[in-house]
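For 129, 169, 175, 176, 208, 210, 215, 241, 242, 243, 284, 298, the entry in Swiss-Prot reads ATP 1 binding site, with the evidence type sequence analysis. Taken from Swiss-Prot, the feature Mg(2+) 1 binding site applies to 284, 298. The Mn(2+) 1 binding site annotation in Swiss-Prot covers 284, 298 and rests on sequence analysis. The Mn(2+) 2 binding site annotation in Swiss-Prot covers 298, 300. The Mg(2+) 2 binding site annotation in Swiss-Prot covers 298, 300. Summarising the annotation, Swiss-Prot assigns ATP 2 binding site to 709, 748, 750, 754, 779, 780, 781, 782, 822, 834. The Mn(2+) 3 binding site annotation in Swiss-Prot covers 822, 834 and is backed by sequence analysis. Marked as Mg(2+) 3 binding site by Swiss-Prot: 822, 834. Summarising the annotation, Swiss-Prot assigns Mg(2+) 4 binding site to 834, 836. Residues annotated as Mn(2+) 4 binding site in Swiss-Prot, with sequence analysis given as evidence: 834, 836. The domain 'ATP-grasp 1' feature in Swiss-Prot is assigned to 133-327; the stated evidence is sequence analysis. Taken from Swiss-Prot, the feature domain 'ATP-grasp 2' covers 673-863. The domain 'MGS-like' annotation in Swiss-Prot covers 932-1065. Per Swiss-Prot, the feature region 'Carboxyphosphate synthetic domain' maps to 1-401. As annotated by Swiss-Prot, region 'Oligomerization domain' applies to 402-548. What Swiss-Prot lists as region 'Carbamoyl phosphate synthetic domain' is 549-931, and the listing cites sequence analysis. Residues or ranges marked as region 'Allosteric domain' by Swiss-Prot: 932-1065.
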């Protein structure tokens, strides 16, 4: 079937902000979908609330709406645009749920809009747990014994009949939110209660647990002619019981027999045919390893996280093909876009092994519950490709970037075998390292299999890695050089081989060089070399044949940003992608190195050449030595890329833009402090300390409160405001490792307005596209603050000072390209908080709201131009006639035992933007886009305010009462408010907890004296609010801003939704 000519205009719904369970993979799939439809001459309209995405760039769709993903907003956009169809399968669960709500409310019928690729009936059959179960039984596909429950009593009856454990899966939720495995009646009641509340339709599936069975996924495509193919099948290393997003995954599956593979393949094709899905679909199975029994776990009737992984693993652009199918094409009419020589009907063939490892946020949250279950906790993932499992696994582990060297965690070296086996029983993020350590201690595969139920094939692979370690350590080894070569080919890093053998790294490198041990580069071409590929991508391997054609063209390498994590999100992938595009425009060949399967940067057609590799110095240098580029850009890939600057510099690599010396100066506390003194720019009083005694002395001189943090951080990790000696002592012993190499920085905490300045510099002149002001005062991490463009309260003399200081710093640091500076204004002086000589997380939003292509201009400077040639002027650009408000989004409900208070440690996983020509409406849109309900008629508000904020909170609480809120309070706050004439009811903690659980509290304002202290009353209240999705503000500035949103709602102000182009007319 050719293109459907009746489709003239299509609305694509994005996925909104990044959060746990829904991250960059939907920017990748949404961008592909927009491009695929647009190139058919169909008008594309995109709605998405996430300004950090490539898909919200003005050229990706004909019209781009950065507006809240709410029924109200999208209905108004449909009314205005009148699309013929909607693509809802490329924006994750958010888009699917929104499309279903619009369908059920009659909006799609009213405006004669079709759901393309998947109809509402298929969505219901896949997403509604009861309908799904009924369909599977109808087509004779096995599902576990289960019931659909909407009340706790039904759950208890089921367990009384069939026993524990059971798995609880809420309907229409994301990343397993609200679900879990219950092994006791107490757990059953708690998880079921939470799951029913978190499901948008109040429904959960309760099913008999098959924990311990193998978990497998099949990525399937189907068209309207009923052509079906399997793109890729994947196997979770962890058995059923761990969410697939939290599991180590291999592609293709490694342990299935041919019979098992085809049995599940047949089932997957039968399911997609009966659901009548046209496009992509992900089907998850559980397989009993002791028999041929299997069950169908669930179906995602859309492009998913696993689709992104399958796309990159197989080299098959699932989202692009699915979008083409949705507008009428069939698989046999489409080409494979990687080979351009074969049909999209051919199933990809993989002659390599792919390993995905999740990236968890536990390095930031040391109090978090690390147990992995059916509710996803990972923020991102890495993918590695090699010719065998062992090499791919070691490459993936290296890609995680933490303080990890091979399959080793230092802390396990001091544990007993019994402790290790106890640790291995529990499914958590460290289990694979505990397994490796158990093998080092002589525990055998059989014993570990009994404890973990991980297939012996995988355990044998891990054991072979440990055997290699033992061979390297063997004092009687007569041919150590041979063992070193063997280890390198297996995937060991030079640093790890040096550590194991106690030899210098230089000596190891020499042995490898003398023996000409260098990697070759193999292609991902979807067809195991059967057809010639036009746009393949590459991975390294220690084999003989090199499939990589290196040209003499002038080329530039961009270092990617690695896995999505808190503090380094999709914004940096945005910068890398724009960097690659600008390099092409400047007449160079673009090369990107990255390891994140979720992103646009690792799409097959983004750069001229993609290397899917670990961002470890060994791997990066192998590519640079092979390609011999004109230079390397590190300023777009966040702290990951910046951290490579030192090693690249020492290896003689030319870093384009700001020099390594300047990067180091900005990061080095003492050197930078001296520079500020020379430039006469005020800074908060601070010191670097390397011992407890020095810390006490420093605080004596500076005075409490202080901000403490390690040097070289990302996202404010292990950063805290400290108010007294006890808190300082606790921080120094628990949060950081003190040493002369890693000093701790202690700064005076200055309370004031925080300001963000992003600038482009050519070494002489600067261009500041806009100045952004934070709503929350200092002490809250910039990534967690509500941020306004343009600035709202700053006097002209302060703005002049900001421009002057920024110019001085750019010149002194000889910045070429992008730089971000954070300032604080305390009402009298402007102080520099920090300087980042690189792209920041505000570059995408600032580029969009000012119309200045910041990354493109930076690349033009890096390739020889200056600002005056580029046509955007110099110094501070005049503000556009619009207001933009960036609102952070958190995944608090996903991470048990983590405090939600806002402080200097970044916690948000994503962001949204509210944009309007009216400032108050922009704030309203921002809160709505962040998923926060804005009530018109008040509700029940609980307040508990720390002493220093009490007086300031009075007019704010009074305003809430005027807006119809009944006030409940803690004892201390209640007494204070009553004295101020505010009517309130004091609630004991137990009563409050019950009220939150019963849904009787709508909003909480709780400014903690000391956040992050597990076990306190405030911590318990904040956690309960997170788990039951009750809005909680921990900063009174946020609570004050929310009043503005309520005001807009109460006044029924006319809220208009505009395409971005309308603001630039």
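Yeah, the Cβs are placed from backbone N, Cα and C, and that goes for glycine too.
Its own atom aside, the Cβ of residue 284 (ATP 1 binding site) has 21 Cβ atoms within 10 angstroms in the protein chains shown. In the shown protein chains, 16 other C-beta atoms lie within 10 A of the C-beta of residue 298 (Mg(2+) 1 binding site). In the predicted model, the region 'Oligomerization domain' (402-548) has a mean pLDDT of 92. For the pair residue 750 (ATP 2 binding site) and residue 242 (ATP 1 binding site), the Cα-Cα distance reads 44 Å. Comparing C-alpha positions, residue 779 (ATP 2 binding site) sits nearest to 242 among the binding-site residues 129, 208, 242, 284, 298. Considering only the binding-site residues 215, 284, 300, residue 822 (ATP 2 binding site) has 300 as its nearest partner by CA-CA distance.
For the binding-site residues 298, 300, 709, 781, a Cα to Cα distance of within 10 angstroms from residue 284 (ATP 1 binding site) holds for 298, 300. The binding-site residues 208, 300 differ in how many other CB atoms lie within 10 Å of their CB, and the one with the most is 300.
The highest number of surrounding Cβ atoms within 10 Å, among the binding-site residues 242, 750, is found at 242. Summarising the environment of residue 822 (ATP 2 binding site), the number of other Cβ atoms within 10 Å of its Cβ, over all protein chains shown, is 18. For residue 129 (ATP 1 binding site), none of the binding-site residues have C-alpha atoms inside a 10 Å radius of its own C-alpha, out of 300, 709, 781.
Of all the binding-site residues listed (215, 834), 215 sits in the most crowded Cβ setting, with the most other Cβ atoms within 10 Å. The helix, strand and coil residue counts that DSSP assigns across the region 'Oligomerization domain' (402-548) are 79 helix, 12 strand, 56 coil. In the structure as shown, the Cβ atom of residue 779 (ATP 2 binding site) sits within 10 Å of 20 other Cβ atoms.
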